[in-house]
Structures are given as structure tokens and as C-alpha cells.
Amino acid sequence: MSLQFLRSEASDGAGETSDASSADFLLDPQTATHLARLTGRPCNRLIYRTALTHRSVLHDHHSEEHKPESNQRLEFLGDAVLDLLISEHLFKQFPGSDEGHLSSNRAKIVNRKSLAAFALELQLGEHLIIGESADKQKIRTSESALADALEALVGAIYLDQGLAGAERFITNHVIAKVDLHKLVEAEYNYKSRLIEYTQSRQLPPPLYTVITEEGAEHEKTFVVEVSCNGQPLGRGTAPRKKDAEQLAAKEAMKRLESGDLGNLNEPSPQNS
């Protein structure tokens with residue numbers, strides 16, 4: 001296959017940078033002070049202003065010469081930097097986790113709701129640059145606008161301070177706010193995952209049934225089966241019923257994710 005989009009020479013188009021010194025729009029003193037506390041001393045102040053510029057400014061009247069740039073491009077870059085650095089952190093912290101668990105945990109950290117919460121704590125909404133005709137108060141508290149601003153800020157830090165600077169910011173203001181152990185516990189709560197799976201597919205809730213209960217009171221063994229829509233999904237065996245249910249749900253999730261089970265939307269013939 002011919003990859004025609006690849007450059008024939010690595011130097012073509014390289015080294016293009018924006019000239020912050022020629023910028024007509026810089027940061028106001030309060031925002032500059034706030035960003036310095038969060039990121040260290042900015043070198044390219046224009047790029048941080050762009051990171052905080054909401055797309056609503058594009059609807060204002062500007063001459064072509066002085067037309068501002070919104071934070072959407074920086075948001076794209078920051079999203080990739082966040083994914084990379086959060087992925088690396090989880091990869092190192094949890095050497096026993098497989099790709100699926102790592103991806104799931106990363107998604108919990110970098111989803112829009114989480115990013116907006118981080119941005120709110122960093123008071124980014126108060127420093128957003130918003131179009132004159134836009135609803136400023138609504139945008140300053142908007143989940144989407146806050147998440148976009150955080151991603152754009154990460155992109156700006158990356159361009160201004162490099163990967164090391166972006167990593168410092170993410171470590172101090174994102175990772176430090178996440179209880180990774182609770183995150184992993186939630187990931188390994190297979191009963192919760194199974195409920196989420198059935199709810200997302202408009203299926204009946206999972207049903208757990210004790211198949212056998214053997215042994216004396218202090219040394220019992222439970223065998224629990226979980227089913228959905230009359231179809232058995234998995235079994236678990238453990239000294240505690242709660243643990244047996246988790247193991248049954250774990251087997252069910254493994255089979256569901258591997259496509260080992262049929263269509264759960266069709267009730268089992270025995271229940272028809």
C-alpha cells in the first residue's frame with residue numbers, strides 16, 4: 001500500500017511556531033497570576049490565552065487581522081497528551097492489569113465529567129474568555145466548556161514547557177486528585193460491571209441464585225449462579241455468598257465480553 005501522505009523529507013514544514021511577542025491579546029494580570037500558580041511561569045503567554053478562549057468569541061465582530069483563535073485545536077492536542085500520560089501512569093502503577101482494565105480505568109479519569117470536575121477545582125471557568133453575546137455564567141459552569149478548557153490548557157503547557165511540564169501539571173492536578181485504589185476496586189466489582197452491561201442493553205437485571213450451600217456454619221461453601229433473562233451466565237464458588245456472587249459475575253463478564261453467549265434479548269425457552 002502506498003502511503004502518499006508521508007513526507008519525503010522529515011524537515012518539510014518542521015519548526016513552525018507562533019510568535020507570541022507579536023500578539024495583540026495577552027493575559028490579564030489576575031489570569032496570568034493564577035496560571036503561574038498552576039503551571040509555573042509561562043513563556044508563551046499567547047498560547048495560554050488561546051487555551052482559555054471559548055469558541056463563542058468567534059461569533060463576535062473582529063477584523064480578519066485581529067480575529068482570535070478558540071481553544072479547540074489545543075483541546076485536540078491536550079486530549080492526546082492526557083491520554084498518553086494517564087496511560088503511562090496506570091501502566092506503571094498496575095503491572096498486573098490487562099489492556100481492558102487499563103483502558104477502562106483511564107476512561108474513568110479522562111471522561112468529560114471528571115475533567116470538568118478537575119477544571120472546576122482549578123477555577124478555570126472564572127478565567128475563560130467568552131464571546132460578548134454569549135451566556136457567560138452558563139459557559140463558566142458548563143461541563144463541556146470546563147472539560148475543553150482543561151484539555152486545551154494541557155495542550156498549551158505541552159507546547160510551552162514540553163512533555164515534562166505537562167506531566168508535572170497532570171501529576172499535581174489530575175492524578176493527585178484520584179484515589180487509584182478505589183478506582184481499581186470499582187473496576188473489579190464485577191457485579192456492578194454486570195449491572196452496567198445489562199442496563200446499557202435494556203436487559204433485565206442479573207439474578208443471583210444459590211445452587212448449593214454445603215458444610216458446617218463456620219466453614220460453608222456457596223455455589224452461586226447468575227442469570228439474565230432466564231439464561232445462565234456464570235457460576236462462582238466461595239466460602240461467602242457475596243464472594244461467590246462476585247466470582248459468578250466475573251465469569252459472566254468474561255463470557256459476555258468474549259462473545260461466548262447468545263442473544264440475551266431473547267428469553268430462555270424454559271421461561272417462555
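Our numbering is plain: 1 for the first residue shown, then up by one each step along the chain.
A Cβ is built for glycine as well, from the same backbone N, Cα and C atoms used for every other residue.
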Which residue of GLU75, GLU214, GLU217, GLU219 does Swiss-Prot report at the same Mg(2+) site as ASP148, GLU151?
GLU75
Of 1-22, 221-242, which span is tagged region 'Disordered' by Swiss-Prot?
1-22
Distance from ASP79 (active site) back to ASP148 (Mg(2+) binding site), taken between C-alpha atoms, in Å:
9
Could you state the CA-to-CA distance between ASP79 (active site) and GLU151 (active site) to the nearest Å?
5
Among all protein chains shown, how many Cβ atoms are found within 10 Å of the Cβ of GLU151 (active site), not counting that one?
26
Pop the Cα-Cα gap between GLU151 (active site) and GLU75 (Mg(2+) binding site) into the table, whole Å please.
5
